[in-house]
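Colleague: Below you will find the structure I want to go over with you.
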Amino acid sequence: MRLALLVLATIGYAVADLFTSIADMQNLLETERNIPKILDKYIHDEEERLVQLKKLSEEYSKKNEISIENGLKDITNPINAFLLIKRKIFDWKEIESKMNANKAGNVVSSITDDSYGVRYPTADDLSGAAIGLLRLQDTYRLDTKDLADGKIYADQGNYTFSAKDCFEIARAAYNEHDFYHTVMWMEEAQRRLGDEVEPTVEVEDILEYLAFALYKQNNLKHALKLTEELYKMNPTHPRAKGNVKWYEDLLEQEGVRRSDMRKNLPPIQNRRPDSVLGNTERTMYEALCRNEVPVSQKDISRLYCYYKRDRPFLVYAPIKVEIKRFNPLAVLFKDVISDDEVAAIQELAKPKLARATVHDSVTGKLVTATYRISKSAWLKEWEGDVVETVNKRIGYMTNLEMETAEELQIANYGIGGHYDPHFDHAKKEESKSFESLGTGNRIATVLFYMSQPSHGGGTVFTEAKSTILPTKNDALFWYNLYKQGDGNPDTRHAACPVLVGIKWVSNKWIHEKGNEFRRPCGLKSSDYERFVGDLGYGPEPRNAPNVSPNLAKDVWETL
């Protein structure tokens, strides 16, 4: 998915959450094929209408020639006067009718009609897409000019941004009181405007927004300079003159003499807000998303892969396990969902996709949040054989009870789609979070990767300082609670924004009830699993004998 996001300029009337899901964007892309046919028909109808109007014009020209020749005789004759009035009433109605017979409204309705099964973007979708782009820029440290040129790392896209596109991104930031990005993108809009033969945006608009953003970023002299440029360009501008005086007064309050207000302009300062720079978790989260946090060789040397064969069925169909981290344990179950199963689950989920929600820590109710941008759907076991099969397989993978687990949740991430650092389990003070379920806290999480983005979209643990990049057909698993039942703070994790590509995941949250003997309580918080299903005794599976992977594959396909 490249930087074609500003195609979202079409304004519709739907709920503004199209940008939260690439699946909806794919549907929108499909409708582009219908537009040329609709426009061609509209052009044909308009050409016919214009031919009729031209004919009426020629008829009136002939009548006018006669009227000019006869002069006042026409209107002094009562019959002619009557006919003149009649023509003005009835003939003009015909002309007016043909002029108003423009079918543009019908064309727009047909393009945006819900009967196509596609919701068209709104102005809020455009804003959401722009904010998503800014999130990507920050997380992956992308250069503004490179992004505007359609370049992401070494990937050169098919589209570049105009000055207007950059202006709209900057304005979206401005509306969020994000003056850091406003400055960056207004400056880029200004640079691009200078290269445009046909300007796509008014320079006055850029100067006014940029001046105010520079002021908010502590660049008063630069704000004054740009506002004076605006005033010289348009002395009748409704705010320019007043803003010049306002900036002069502010500089005077800072002790700057009026004679020095336009001298010795310092370099422009444009720092990210202190609320971000001072947030150590945010800094760690972004570094982990860039996969820049090194793992010690000592820790790596302890990791290993093995075949999980601790259930009778698994003797014949062992599951490949890759340990990614100890304490808290996190593993990847390899190749545990097939492409066909992924496709089937996606088809079941697509009609049900809705803006993803989170549990309100006070009320326990589900609400949308800006820190979780994606769409999700819940699939019950009876909705498809594939759901029942996957649920049964999760039981073999984890050795945990599925009867009290939540339904299978499917998520699709949109432009800059992400989920900020959070816990899957409820903390002690969040006693109402899962009260309605009556199954206790979330003991563990299984996360299936159903696609593999080209860049971004990793799962990161901000306290454990580890990054797991998505690998299609694999499933990430970890325990959320200590064995004695308390929440493990080291399981705080996040979904990194998707930079390039599509991210589909499905997850299963497994609860405490029914797992009293499958995962017995430990005596202290330091008790933790060495491997999946570790009951505290027996050897590690590190040296377990391997089996033929083909045998496992054949057996699983019969399940």
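Heads up, the Cβ atoms here are built off N, Cα and C, so glycines get one too.
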Colleague: Look at the Fe cation binding annotation in Swiss-Prot, where H422, D424 are given, and name the residue from H455, H493 listed for that site too.
Modeller: H493
Colleague: Quick one: which of N158, N546 has N-linked glycosylation site in Swiss-Prot?
Modeller: N158
Colleague: By DSSP assignment, list the helix, strand and coil residue numbers for the domain 'Fe2OG dioxygenase' (404-512), in that order.
Modeller: 3 helix, 47 strand, 59 coil
Colleague: Using an 8 Å cut-off from the Cβ centroid of H422, D424, H493, can you name the remaining same-chain residues around the Fe cation site, in sequence order?
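Modeller: Other same-chain residues near the Fe cation site: Y419, P421, F423, T445, N480, T491, R492, A494.
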Colleague: Can you give the mean pLDDT for the domain 'Fe2OG dioxygenase' (404-512), rounded to a whole number?
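Modeller: The predicted confidence over the domain 'Fe2OG dioxygenase' (404-512), as a mean pLDDT, is 92.
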Colleague: Cβ distance under 8 Å to D424 (Fe cation binding site), same chain, sequence separation 6 or more: which residues?
Modeller: R442, T445, N480, T491, H493, W509
Colleague: Cα distance, K503 (2-oxoglutarate binding site) to H422 (Fe cation binding site), nearest Å?
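Modeller: Computed Cα spacing between H422 (Fe cation binding site) and K503 (2-oxoglutarate binding site) is 19 Å.
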